[in-house]
Amino acid sequence: MDGKMSWSSTSMINYKGFPADNSKTGGWVPASRILGIELCERLTTMGIAVNLVTYLIGTMHLPSATSANIVTDFMGTSFLLSLLGGFLADSYLGRYKTIAIFATVQTLGVGMLTVSTRLPQLRPPPCHGNVTNICKKASRFQMGILYMSLYLIAVGTGGLKSSVSGFGTDQFDENDEKEKAQMTHFFNRFVFFISMGTLMAVTVLVYIQDEVGRSWGYGICLVSMSVAILIFLSGTKWYRYKKSLGSPIVHILQVIVAATRKRRLQVPDNSILLYEDSLESSQIHHTNQFCFLDKASILIKEDYRMNGSVAPNPWKLCPVTRVEEVKMMIRLLPVWATTIIFWTTYAQMITFSVEQASTMERSVGGFQIPAGSLTVFFVIAILITLAVYDRLIMPLWKTWKGKPGFTNLQRIGIGLFLSAVGMAAAALAEVKRLSVAKTVSQTNSSTLPISVFLLIPQFFLVGSGESFIYTGELDFFITQSPKGMKTMSTGLFLTTISLGFFFSSFLVSIVKRVTRSSDSQGWVGDNINNGRLDCFYGLLAILSFINFVLYVVSAAWYNPQTGKQKDLQMESVDQTSSAEEC
């Protein structure tokens, strides 16, 4: 019997809480169920987000800027709540329960949204004629139902995204060489399923929403999520589970609190005198940076028991390794902060750029491309860039530089630069579109005689930038974070997306308030044909280029912590500088 079993070499357990048997749990079959629920989540979230602005303007009769802010706030909240999901998964629920609960919450939100788009009582009556200003806006009750639906979806999406990739990797034993190789393939397939979900959302779902009906499009999302949850739950017996070891957020707070309590103490000249209880193989060497935090590891009389042994209270005394883990997370913050602006430019691709497309000629033969489907060029740009990088750039770079490809920081920098150029291209395209709009009567709501393909460069440049940004950021935050804070660092990465969307809403509100006057709606307003969206895009391009310079400075400043022990000779040199700095 023992010969047929292969026990996991990690701390993984089965659904009954016993050590997991690798021959009966984990692997590709359970992982495929997890990939399935991620596919449906991406299909649902993007299927709603990319075309929501046209629904808010055309059906709910909201102003352009207000509609754009609703979409960006919805997406920002979705990614911000991944921190809550990660905290609950690490501290209380575990990843499996977190996925099951939050996927159900998301499905309930989609169901409510489907009903709200189906019942005429939950939306305003259609406009009378073609003059926008006589359209009746949605009532508070109607908007309340819509907001409740969207933010239920946001809560579900955030909780689900925090755990789905981690639970997928839990199905592979990183200490088994064969399964470790399979884990790499899982990451590749995970990104592929995300891209496929997005591609189906911006093509099939958007077309159904525009040509068949919103409720049908959202109904497909509802059915797909319901089926995905059932398939996910059916694999309960075959999953591998990881025990909850406590939240990294709590560990960070413990270091900060302990250092603050001992703020009046002097850090010892010799770092060996600082408290450490980690195994030698897992210790992280003491560094001089952010030395205030070292005070959390200073031993004082109150830290000892009567028999002379150390009795550490984690809120009063923390080992050096834990302090260094917090320092590693702090070092990530400058890079983290300078990547937020990219997601602000990304937000324009699913808001104002979609609205631009809705005013332009979109016919190809006898087929009219839905405005929301223009984001397909965004997805195509991502797929093409990834393929070119993998098949062409990486081999050439290896031949020239002897390295397998760009570093994660280099990829992030390339992505930021491309997005800045993309916003400059968007500003130029809008100048051309506005020049055509001025030749059309203001009371005529017909399509402008200018091809929608004028917008392809901005979609392609920002999409190509995302392929570098997303892979670079994910690699950077996972590989440069402490082993015990991988989930935390993934959540930190997702917050850049969240804050980018929120900053977009903030920027639109500020620009609208500053540029509006009694005889002008300003740069952004009720009707983009009467605004100066080109100036807004130009402002974003300038901010993006300034941010790129700040990123280069941050990347040059970043000094990774290898976590390896230095020899005693080097340590003695460090101790002197440590005493001088602290």
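Using the three backbone atoms N, Cα and C, a Cβ is placed for every residue, glycine included.
A TrEMBL annotation is a machine prediction, not a hand-curated record.
If you look up TrEMBL, you'll see 43-62 (among others) marked as transmembrane segment. Remote same-chain partners of the transmembrane segment (43-62), defined as residues 6 or more beyond its termini with a Cβ less than 8 Å from a stretch Cβ, comprise 68, 70-71, 74-75, 78, 106, 110, 113, 117, 123-124, 127, 132, 135-138, 142-143, 146, 150, 153, 157, 197-198, 200-202, 205-206, 209-210, 214, 217-218, 220-221, 224-225, 350-351, 354-355, 358, 370-372, 375.
Marked as transmembrane segment by TrEMBL: 74-93 (among others). Long-range contacts of the transmembrane segment (74-93) within its own chain (CB-CB distance under 8 A, at least 6 residues past either end) are made by residues 45, 49, 52, 101-102, 150-151, 153-155, 157-163, 166, 244-250, 347, 350, 487-488, 490-491, 494-495, 497-502, 504-505.
The feature transmembrane segment is assigned by TrEMBL to 100-121 (among others). Below 8 angstroms of C-beta separation, residues 37, 41, 44, 48, 55, 59, 85, 93, 142, 145-146, 148-160, 213-215, 218-219, 221-222, 225-226, 228-229, 232-233 of the same chain, each at least six residues beyond the ends of the transmembrane segment (100-121), sit close to that stretch.
Under 8 Å from some Cβ of the transmembrane segment (141-160) lie the Cβ atoms of residues 37, 41, 44-45, 48, 60, 70, 74, 77-85, 88, 98-99, 101-110, 112-113, 116, 122-124, all in the same chain and six or more residues away from its ends. Summarising the annotation, TrEMBL assigns transmembrane segment to 141-160 (among others).
Look at TrEMBL and you will find 190-209 (among others) tagged as transmembrane segment.
The annotation transmembrane segment is assigned in TrEMBL to 215-233 (among others). Long-range contacts of the transmembrane segment (215-233) within the same chain, counting only residues at least 6 positions beyond its ends with a Cβ under 8 Å from a Cβ of the stretch, are 33-34, 36-37, 39-41, 43-44, 47-48, 51, 99-100, 103-104, 106-107, 110-111, 113-115, 117-118, 205-206, 208-209.
The feature transmembrane segment is assigned by TrEMBL to 332-349 (among others).
For 369-389 (among others), the entry in TrEMBL reads transmembrane segment. Within the chain carrying the transmembrane segment (369-389), a Cβ under 8 angstroms from the stretch's Cβ atoms is held by residues 50-51, 54, 191, 195, 198-199, 202-203, 206-207, 209-211, 349-350, 353-355, 357-358, 362-363, 405, 452, 455-456, 459-464, 466-468, 471, all 6 or more beyond its ends.
Among the features that TrEMBL reports, transmembrane segment is placed at 409-428 (among others).
Feature annotation from TrEMBL assigns transmembrane segment to 448-470 (among others).
Per TrEMBL, transmembrane segment is recorded for 491-511 (among others).
Summarising the annotation, TrEMBL assigns transmembrane segment to 536-558 (among others).
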Contact ranking winner - 190-209, 448-470, 491-511, 536-558 against the transmembrane segment (332-349), Cβ under 8 Å: 491-511
Intrachain neighbours beyond the transmembrane segment (409-428), with Cβ under 8 angstroms and 6 or more residues off its ends: 335, 338-339, 341-342, 345-346, 348, 353, 455, 457-458, 460-462, 464-473, 475-476, 534-535, 537-538, 540-541, 544-545, 547-548, 551-552, 555, 558
Of 190-209, 448-470, 536-558, whichever stretch has the most CB pairs under 8 A to the transmembrane segment (491-511): 536-558
